[in-house]
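Asks: Okay, here's the structure, questions in a sec.
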Amino acid sequence: MRDYEEVTAFLGEWGPFQRLIFFLLSASIIPNGFNGMSVVFLAGTPEHHCRVPDTANLSSAWRNHSIPLVLQDDREVLHSCRRYRLATIANFSSLGLEPGRDVDLEQLEQESCLDGWEFSHDVYLSTIVTEWNLVCEDDWKTPLTASLFFVGVLLGSFVSGQLSDRFGRKNILFATMAVQTGFSFVQIFSINWEMFTVLFVIVGMGQISNYVVAFILGTEILGKSVRIIFSTLGVCTFFAVGYMVLPLFAYFIRDWRMLLLALTVPGVLCVPLWWFIPESPRWLISQRRFKEAEAIIQRAAKMNNTVAPAVIFDPAELQELNSSKQQKVYILDLFRTWNIAIITIMSLFLWMLTSVGYFGLSLNVPNLHGDPYLNCFLSALIEVPAYITAWLLLRTLPRRYIIAGVLFWGGGVLLLIQVVPADYYFVSIGLVMLGKFGVTSAFSMLYVFTAELYPTLVRNMAVGITSMASRVGSIIAPYFVYLGAYNKVLPYIVMGSLTVLIGIVTLFFPESFGSTLPETLEQMQKVKGFRCWRRSRNSIQREENPKVLITAF
């Protein structure tokens, strides 16, 4: 029985039909880039201090000294969450005493911000932080906002595959795009933080579901030679383009509600794609909708100026294809033996900690010195060469060495930030971007690496479970950023150390480059030890199958 690739070979690999699908599906990913990172500006925390009401009977001198000073980054700044007891300094003011001369300010009693806060408008006109005072005692709500978005992403990861298998790739693609865009629009009318975060969870579910389904639809329609480019340069690069659009929108729209409104517009512009993106013929065949699948192939042939056979799918072959049943597998199969369990556990940690580094560096952009809009744009821009580099490295070099190498690079430069003098902030920003380059390159390689490690029987399950671990990493990443409230370089020390650590662990993985993809669990390679490295290198040299990267998808 011929497979689908052989039956549709007459279409070619890179005709007008394939180019259209490639670019339209990649373009549908653009809104994911700014929706996923919009919390950077929606929940930005500007400089703030306690409000001293105009009704307070204070002299100008006491009003100027009503907020305690604290040392932050080697400079004195106004305390964000405390003020001198208002009744006490009002009494001193009425007596004509001068602060600092007649009264020792360090001995004065302090109180919390009973009258609210005054926020700086130098960077943001408004954010959800200034709207609902998510500072001081409530500052824990800011990282929780980002974490809850990624909880939605985790939930969406669970259901997106099953929904697309049940209702079709195209239907779920546009349904999840509608969920992402529609609930982002509803967020504009949030009346409190609780409403905003609940809606943000739903937006996260739509965001990842759209991404996953577009990825599946593209890999099922496109041929082998185009599939790997679509999976890396296509999807990832257009995600980065959307990420780059975010700071441009945010720079000109400083109000969070208006910014959110502007970010929903590109999602609406994706509606016309419904009439250009077809359903997956592979899925239609699996549902025994053979005539619809043939109609799509006929239109593709016409667009590519090729002549399609009168009968594309032989009924007898299709009947045999649909009657065949695949062996059932369970999640416990990923832990069946000691060797498989070790590989799975290491894979889970690899995905999770790489995700922590990627999202931690992305969400920490506002805490860098300099303009946050420019820093965010640079953080997005650096992803494009990172994806290109990952693609080039995957084509020619052993997997575990290049992944470990870029992780060492990313973690190493992050650890160097702590030795950079405070005045050389541009050096620190450069090191952060180089660290983001390394972590992003590693992150984009994990799908290929994991798919090559596991046999066909459990490959999809393995990729799904390990990508779930990356969602867990994205959920906890905002709390690594939160460490910056105690020390500016502490997030980089922690993330850099974890990135280097997981880079070391990567060296113990089996090598998949140049090896035939395993078909059974028994064919999985063994975990490498120090005694096995030389043998692994020799076995790689004996293998002559450089196209394994394509067959992984």
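Cβ atoms here come from the backbone N, Cα and C positions, even for glycine.
The feature domain 'Major facilitator superfamily (MFS) profile' is assigned by TrEMBL to 88-514. Positions annotated as transmembrane segment by TrEMBL: 20-43, 172-190, 196-217, 229-253, 259-277, 338-360, 372-394, 401-420, 426-449, 461-483, 489-509.
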Asks: Under 8 Å between C-beta atoms and at least six residues away from its ends: which parts of the chain pack against the transmembrane segment (259-277)?
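Replies: Hits for the transmembrane segment (259-277): 20-21, 24-25, 27-28, 30-31, 34-35, 38, 41-42, 170, 173-174, 177, 180-181, 184-185, 187-188, 217, 242, 245-246, 249-250, 253.
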Asks: With a Cβ cut-off under 8 Å, give me the same-chain residues at least six positions beyond the ends of the transmembrane segment (20-43) that come close to it.
Replies: 124, 127-129, 134, 142, 145-146, 149, 153, 173, 177, 180-181, 184, 200, 203, 207, 210-211, 214, 217-218, 221-222, 226, 230, 234-235, 237-247, 249-250, 256, 259-260, 263, 266-267, 270, 273, 276-278, 303, 362-363, 365-366, 372, 376, 380
Asks: Where among 338-360, 372-394, 461-483, 489-509 do we find the most Cβ pairs under 8 Å to the transmembrane segment (401-420)?
Replies: 489-509
Asks: Short question: which residues 6 or more past the ends of the transmembrane segment (338-360) have a Cβ under 8 Å from it?
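Replies: Cβ under 8 Å, 6 or more out: 150, 407, 410-411, 435-436, 439-440, 442-443, 446, 450, 453, 462, 465-467, 469-474, 476-478, 480-481, 491, 495, 498-499, 501-502, 505-506, 508-510, 521, 524, 526-527.
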Asks: Rank 196-217, 372-394, 426-449, 461-483, 489-509 by Cβ pairs under 8 Å to the transmembrane segment (229-253) and hand me the top one.
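Replies: Per the Cβ count, the answer is 372-394.
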Asks: Take the C-beta pairs under 8 A between the transmembrane segment (372-394) and each of 196-217, 426-449, 489-509. Which stretch has the highest count?
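Replies: Per the Cβ under 8 Å count, 426-449.
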Asks: Short question: which residues 6 or more past the ends of the transmembrane segment (461-483) have a Cβ under 8 Å from it?
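Replies: Apart from its flanks, the transmembrane segment (461-483) reaches 142-147, 150-151, 153-154, 157-158, 161, 208, 329, 331, 333-334, 344, 347-356, 358-360, 363-364, 367, 443, 446-447, 450-451, 453-454, 490-491, 494-495.
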